[in-house]
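Participant: First the structure, which I've put down as C-alpha cells, then a few questions once you've had a look.
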Amino acid sequence: MDHDIFWSSDHPGIDFTVTSPEGNVVHSLKGTSGDKFELKATKSGIYKFCFHNPITTPETVSFYLHVGHIPNEHDLAKDEHLDPIHVKIAELREALESIITEQKYLKARDARHRNTNESTRKRVVIYTLLEYILFVTTSILQVGLPDRQPRLYSAGGLLFEQQP
C-alpha cells in the first residue's frame with residue numbers, strides 16, 4: 001500500500017508516531033507543527049497513527065491520509081488481459097488523487113501561515129501604539145517639566161540659579 005499523509009496544527013509541540021502492525025515505529029516526529037510524508041506499507045495490517053500533545057492546552061490537529069493500492073506481482077494481470085484504456089484511467093486516477101492530496105496540504109499550510117501572519121500583525125500594531133503613547137508622554141514631560149524646575153544658566157563654566 002502507498003500512503004500520502006499530511007497533518008498540521010496551529011502550534012509546534014505535537015509528537016507524531018506511526019506504528020506498524022508488528023509494533024515497530026515506522027515514522028516519528030517530536031515537537032513539530034506538521035509534516036507531509038509518504039509511507040510504503042511493507043506488510044498488510046492495521047497501522048496506528050498517534051498524536052501526543054505534551055502540553056495541557058487543547059490543540060486542533062488536521063490529518064489527511066490517502067491510501068493507494070500497488071498490487072503484488074501475483075495479483076497483476078497479464079498484458080493480454082488488460083485494456084490499455086483502463087490502465088491509463090487507473091494511472092490518471094492515482095495522479096489526480098495525488099494532486100488533490102497536495103492541494104489539501106497546501107491549503108492547510110496556507111491557513112496556518114495566515115494565522116501566524118495575523119497574530120504577528122496584531123502584535124506589531126499593539127507595539128507601535130505603545131511606542132506612540134510613550135513618545136507623546138515623553139514629549140509632554142519634556143515640555144512641561146522645565147517650567148516646574150528652577151532655571152539654570154551658565155557663566156564661565158559655573159552654573160547659577162536664576163532668581164525670579
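If you go along the chain as it appears here, the first residue is 1 and each next one adds 1.
Glycine is treated like the rest: Cβ placed from N, Cα and C.
So TrEMBL has the following annotated:
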- 1-67: domain 'GOLD' (DOMAIN)
- 124-145: transmembrane segment (TRANSMEM)
Participant: Could you break down the residues of the domain 'GOLD' (1-67) into DSSP helix, strand and coil, giving a count for each?
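Facilitator: The breakdown for the domain 'GOLD' (1-67) reads 0 helix, 41 strand, 26 coil.
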Participant: Average the pLDDT scores across the domain 'GOLD' (1-67) and report the rounded value.
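Facilitator: Its mean pLDDT is 75.
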